[in-house]
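Here is the structure we will look at, set down as structure tokens.
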Amino acid sequence: MGFRCSSPIFRPLSKTLTLVVKPQWKAAIDFKWIRDNKAAVAVNVKNRNSNANLELVLDLYERMLNVQKQEVERLRAERNVVANKMKGKLEPSERQKLIEEGKNLKEGLVTLEEDLLKLTDELQQEAQRIPNMTHPEVPVGGEDCSALRKMIGSPREFGFPVKDHVQLGKDLDLIEFDAAAEVSGSKFYYLKNEAVLLEMALINWTITEVMRRGFTPLITPEIVRSSVVEKCGFQPRGENTQVYSIEGSDQCLIGTAEIPVGGIHMDSILTESALPLKYVAYSHCFRTEAGAAGTATRGLYRVHQFSKVEMFILCRPEESDSYHEELIGIEEELFSSLGFHFKTLDMASVDLGAPAYRKFDVEAWMPGLGRFGEISSASNCTDYQSRRLGIRYRPEASSSTNPQKGKGNLAPPQFVHTLNATACAVPRMMICLLENYQQEDGSVVVPEPLRPFTGGLGVITPKSR
């Protein structure tokens, strides 16, 4: 790992909570559905190159059912028989015999219930490794199998040698890497002068644009409980964890605002009329970037701390595909208005994180780096996160197709679908702006849409020595 902190406060979670072996919470996983659709789930696990052990999950599920339906119920029935016999007239010796029998049955029941609890915990731990199912149109394979959806714009032609953002940041006195490395470690940076205005402009412009499309703005907590990280489908344990934890606590630094926004309605039942809920959230993000190395991570491309604006939607299940298209559409509009040349990809199955049913990535042309680089993604997580976070909604009577009714003739609650998408990851956007808008005289033009948010700044020029 590139980051080491001399203070004992921040450490990778995998090194601080390794003694926790069982889940402290339970996901509302539909084990019966998994059992009844074993073949499809097995193919999905294989296609996503998941380490989930489906056979073990099904074995644990059957063992749990056996304990529940047979052993516990048998012992309870025998205990009830003994209790009923105790109600009649009995000789003292016979009564004492029944008391001993009842005591033994009770102890046996306690033992079986403890076994059931252990089975349930182990089943949860293993089942939580099973990834979400996958959209039928998702390409099967690794990242190189991802399908091109759109190619937007064209690369700018330069009549002079192109600089990368690291050189531009140095020449224009915008970015300081060396001092940050001394102060904090590798993959940290200072923004200076007009770069500070650019970051603020990107954030404010993005939030303003997304709010116009009906999203509610949020500034989120940047420290959350590790259980919330897990419920959102991230793994804060392991050799290559991307999560920083706070030593001596159950809290973590967030890697994305998706986590605290996902938790804002945790363990709640929403009214159907409240849906969809659309949020645009600003936060700082913290990632260990374990395992990342090489020229592809140069400069601002892969860092431990950065600012980001995230979109998040909670909706009815039948609407999530259309909102997924809406999110990628917003991203395309934002990046097009800044004049970027970019492509959108339908990411292949192995590249999907466990929560994602389908994921679209946006890769923009970075001329200084000489390649496309990811600047955004949009994921439909269906009910994967909501089953872990406990977020449901109650369908209105007229729209419910389920004939079952809950208490008071109310329709039973259903799990919402959740979606997330990056509207602006500042360092990657900064790379695109500096490298695409550089001029032959060494200056950088500020794109027109951002100028009202920079105090009218139109050009960043070299500083006089």
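Quick reminder: no glycine exception, Cβ is built from N, Cα and C everywhere.
Remember, TrEMBL labels are computer predictions, not curated facts.
Taken straight from TrEMBL:
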COILED    51-129  coiled coil
DOMAIN    213-447  domain 'Aminoacyl-transfer RNA synthetases class-II family profile'
BINDING   T256, R287, E310, N420  L-serine binding site
BINDING   R287, T288, E289, V303, H304, Q305, F306, E374, I375, S376, S377  ATP binding site
SITE      T422  site 'Important for serine binding'
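Everything TrEMBL records as a feature, shown here on the structure.
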residue: T256; record: L-serine binding site; Cβ contacts under 8 Å, 6 or more apart: S283, C285, K308, E310, N420
residue: R287; record: L-serine binding site; Cβ contacts under 8 Å, 6 or more apart: Q242, V243, Y244, G255, H304
residue: F306; record: ATP binding site; Cβ contacts under 8 Å, 6 or more apart: H284, C285, A425, V426, P427
residue: I375; record: ATP binding site; Cβ contacts under 8 Å, 6 or more apart: F335, F340, F342, V362, E363, A364, T422, A425, R428, M429, C432
residue: S377; record: ATP binding site; Cβ contacts under 8 Å, 6 or more apart: M347, K359, F360, D361, V362, A421, T422
A correct count of other C-beta atoms within 10 Å of the C-beta of E289 (ATP binding site) gives 19
Counting every protein chain present, what is the number of Cβ atoms, excluding its own, within 10 Å of the Cβ of N420 (L-serine binding site)? 27
Same chain, not part of T256, R287, E310, N420: whose C-beta falls within 8 angstroms of the C-beta centre of the L-serine site? Give them in sequence order. I254, G255, A257, E258, I259, C285, K308, T422
Using the residues the record lists for ATP (R287, T288, E289, V303, H304, Q305, F306, E374, I375, S376, S377), what whole-number Å value is the largest Cα to Cα distance? 19
